[in-house]
Structure formats: structure tokens, C-alpha cells
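First the structure, in the form of C-alpha cells, and then the observations on it.
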Amino acid sequence: PETFRVLSHNCSILKSQIETEPMLAERRLSGEEADGEEEEDEEEGLGSDGQNMPKESPLAMALQILVPFLLAGFGTVSAGMVLDIVQHWEAFQYITEIFILVPALLGLKGNLEMTLASRLSTAVNVGKMDSPIEKWNLIIGNLALKQVQATVVGFLAAVAAVVLGWIPEGKFQMSHAVLLCSSSVATAFIASLLQGIIMVGVIVGSKKTGINPDNVATPIAASFGDLITLAILAWISQGLYKCLDSYPYVSSVVCAFFMCLTPLWMVISSKHPASRTLLYSGWEPVITAMVISSIGGLILDKTVSDPNLAGIVVYTPVINGIGGNLVAIQSSRISTHLHFHCAPGEVPDEAKGCYYPCRTFCGTGANHRSAQVLLLLVIPGHLIFLYTIHLMKSGHTTLTPIFMSVYLAAAMLQVLLLLCIADWMVHSMWRSGKDPDSFSIPYLTALGDLLGTALLALSFHFLWLIGDQDSDVGD
């Protein structure tokens with residue numbers, strides 16, 4: 001039996017290489033590389049998987065990342081401006097637990113959209129979407145799985161918001177709890193469906209145009225995700241709040257309707273083997289990430305409750321979104337690299353042994369270069385987004401030199417920590433036999449939400465203490 005398993009494993013590797021080679025050969029940067037590959041295959045055999053990976057220069061990588069990164073950034077800026085406006089709406093003022101929902105629901109793009117993008121990007125790169133039938137089975141199964149996860153996570157996020165809001169205050173209102181559940185589930189379902197369709201279009205389009213989907217899919221997944229999710233949450237919450245007195249049953253009906261659709265999506269997702277596996281085993285990272293993001297939401301709720309620190313609202317989606325976008329790109333790239341180079345359970349030599357931060361940034365490998373490029377994008381990117389917020393006259397914080405220095409230091413520290421954690425986490429998951437495409441990004445984007453919100457809250461507290469404050473904060 002052991003010999004049979006080894007032979008089966010080797011046959012599956014050989015089959016994967018034979019299926020993958022035609023697509024990858026088309027993506028060579030030059031004919032010389034293709035010729036060199038044939039020679040190396042003759043000498044070294046099929047064991048030289050590393051030569052299958054298309055090479056990218058740091059400049060080409062940066063250019064591919066830059067446009068979707070800026071789009072995603074402007075999306076988070078728009079979300080911050082929307083949150084700055086809706087924080088004064090009745091629903092947000094009287095049911096402040098909605099603020100706890102914000103990072104958890106915005107985090108769904110990391111839990112679900114970016115995970116979908118990473119899975120499909122890897123599938124494109126290794127040739128699993130060359131067959132039209134397999135491609136659409138993979139897409140439909142993953143979209144249905146995502147709707148199941150969105151509905152369940154939306155409900156659990158509302159439960160977490162009720163619990164986290166009730167514990168410090170000791171007050172509980174059933175009508176408010178039902179409204180939170182309805183708003184959360186409806187927002188998660190609608191936003192997830194819209195973003196999933198957009199995501200599939202981006203990845204299929206990237207494949208046809210020859211762009212590496214690892215570089216563009218995850219940022220575009222977030223480009224309008226925050227804005228769409230926040231706008232839907234605000235609109236539904238305010239609408240249900242207005243119905244609370246005259247039609248109190250509306251919230252319950254809305255929640256029940258979306259929950260009743262869950263069995264349908266489960267049946268559809270169970271038709272495809274890959275999504276069927278994740279339907280049973282993919283809940284741990286999604287739910288854990290939701291809990292982590294909810295803790296960040298509690299920090300936001302308590303910070304916004306202080307009138308002196310209400311200016312934090314407009315910057316929270318920006319710092320959280322940018323950190324999550326950058327670390328998702330790195331995670332997706334490392335995962336694709338491992339799928340090409342290593343069998344499950346095996347990691348490259350440089351990833352063996354104890355982790356140390358220099359391993360992430362110091363070196364000439366593809367993952368080292370991408371980490372360096374992503375880190376270099378942090379300060380210029382945030383300067384553009386800060387100026388955009390200032391130009392749109394949003395927020396209540398003057399862009400003084402001390403404010404910008406403290407804010408940029410927080411943003412840089414957040415991304416530095418996230419890239420280090422991503423390097424360690426993705427390799428650890430691969431070593432343990434888990435697919436990083438499905439397991440790493442939810443944790444990383446949730447940690448991005450928690451780190452971003454916590455560092456931003458500390459920055460605003462620090463600025464208030466040293467006297468860098470505005471009289472119109474929170475107006």
C-alpha cells in the first residue's frame with residue numbers, strides 16, 4: 001500500500017506538470033528562456049519545477065501592482081469618507097454596536113473575496129482553468145461556497161457585536177440585536193455576491209490579457225469592496241432603524257429570508273470537489289478572522305465614542321484596507337510560488353528553521369523582491385490618500401507634519417509586521433499540509449484590521465496628549 005501511494009503521488013505530480021506546461025510556456029518572457037527550459041528539462045528531468053515560474057522584474061511587478069493598488073486605495077478613501085458621514089446618522093448614533101460590525105464586514109473582503117481571488121489566481125497559474133467546463137465548475141462552486149460563508153459569518157459578526165457591546169455596558173435590547181443581525185447578514189450576502197462576480201471577471205480578464213492575476217486580483221477585490229459594503233450597511237441599517245417602531249417585524253423577516261437561502265448555496269457548492277472540501281473544512285480561518293476583526297471593531301467603537309478622537313473614523317478603512325491589500329498580494333504570491341516549487345508538506349531550504357525578519361526582505365528571490373516593492377509602496381501610497389482626503393475636505397484632522405509623521409509611522413509598522421507574519425504563516429501552513437490560498441489571507445487581513453485600528457487609536461491618543469489636536473474634531 002505504501003508503494004502504491006508513492007507511485008500515485010508521483011503520477012499526480014507528473015500529470016500536473018504535463019497539464020500546466022502548455023499554459024506556462026506561453027508566458028515566457030523570451031524565446032531564449034523557453035529554449036533554456038528544454039535543455040534543463042533534458043538534463044534535470046521534470047524535477048526542476050522552479051523553471052516553470054514566469055520571471056518578473058521588480059519594475060514590471062511594481063507597475064502591475066501600482067494601478068490596482070491605487071484603485072483599492074481610493075476605494076478605501078471613499079469608504080472612509082462615507083463612514084465619516086454616516087457616523088452622524090440616527091442608526092449609528094443610537095445603536096453604536098454597528099461600529100463593531102464595520103471591520104468584521106469590511107474584513108469579509110479578506111475572508112472571502114481575497115481568498116477567492118487567491119484560489120482562482122493560483123488555479124489560473126497552474127493551468128486548472130484552461131478547460132472551459134472545469135473553469136466554470138470551479139467558479140460556480142467557489143461563488144456558492146462564498147455565499148454560504150458570507151451569510152454565516154455575517155450572522156456570527158452580529159452576535160459578536162451584540163456580545164462585545166453588551167459586556168462593557170451591561171445593557172441589552174432585543175430589537176437592536178435583531179436589527180444588527182438583519183443588517184449584518186443582508187450586507188454580507190449582497191456585498192459578497194456583487195464582489196464575487198466582479199472578482200471572477202477580473203481574473204478571467206487577467207488570464208486573457210497575460211497579466212499575472214496574483215498582482216492585480218487581490219487589490220481589485222478590495223478596490224470598491226469597502227465602499228460597496230459600507231454603503232450597503234449604512235443604507236440597510238438606517239432603513240431598518242426607521243422601521244423599528246412602526247414595523248418591528250421587518251428586521252426579523254429580512255434576516256430569515258437570507259438565512260433560508262443558505263441550504264441552496266450549500267447544495268450548489270457541494271457539486272464541485274474543491275468547494276465541497278472547503279464547505280466542511282474552511283470555517284476555522286473565516287470565523288477566527290471575524291472574531292479578530294470584531295475586536296478591532298470594539299476598539300473603533302470605543303475610540304469613536306470619545307468626541308476628542310472621532311477624527312479616527314475617516315482614516316480607519318484606509319489604513320486597514322491598504323495593509324490588508326498589500327499583505328494579500330504577498331500571501332498570494334508566496335502561495336503560487338510554493339505550488340510551483342514544492343510538494344505539500346515541503347518548503348524551500350531558506351524557509352526551514354526558526355523564522356527571523358531579515359528572511360522576508362533580505363535576498364534576491366522573487367518573494368524577497370515583492371516584499372521590498374510592497375514595503376516601498378506604503379509611504380507614497382498613504383501620502384496620496386491623505387492628500388486626497390484633505391482635498392475632499394473630509395475628516396476633522398488637520399494634516400500637520402507631526403500628524404503625518406505619526407500616521408505614516410503607524411502605517412509602516414503595520415505593513416512591516418504583516419509582511420513578516422505572512423512569510424512565516426504561509427510557509428507554516430504549507431508545511432502542515434494546508435492550502436495557504438484558503439487559510440492564510442483571512443488571518444492576515446483580520447490581523448491587518450486589528451493592528452491598523454489599534455495603531456491608529458494609539459496614534460490619535462498620542463497626538464491628543466502632546467497637543468496636536470483640532471477644535472473641530474468630531475463636528
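Even glycines carry a Cβ here, placed using N, Cα and C.
Of all ranges given (91-111, 280-300), TrEMBL attaches the label transmembrane segment to 280-300.
When DSSP labels each residue, the domain 'SLC41A/MgtE integral membrane' (102-235) comes out as 119 helix, 0 strand, 15 coil, counted as helix, strand and coil in that order. The transmembrane segment (249-268) makes no contact with the transmembrane segment (443-466): fewer than 3 of their CB pairs lie within 8 A, with pairs spaced 6 or more apart in sequence.
Proximity of distant same-chain residues to the transmembrane segment (373-390), defined by a Cβ-Cβ separation under 8 Å and at least 6 residues beyond the stretch ends, is recorded for 58, 61-62, 65-66, 69-70, 73-74, 76-77, 80-81, 314-315, 318-319, 322, 326, 329-330, 361, 399, 404, 407-408, 411-412, 415-416, 419. With DSSP states grouped into helix (H, G, I), strand (E, B) and coil, the domain 'SLC41A/MgtE integral membrane' (316-458) comes out at 112 helix, 0 strand, 31 coil.
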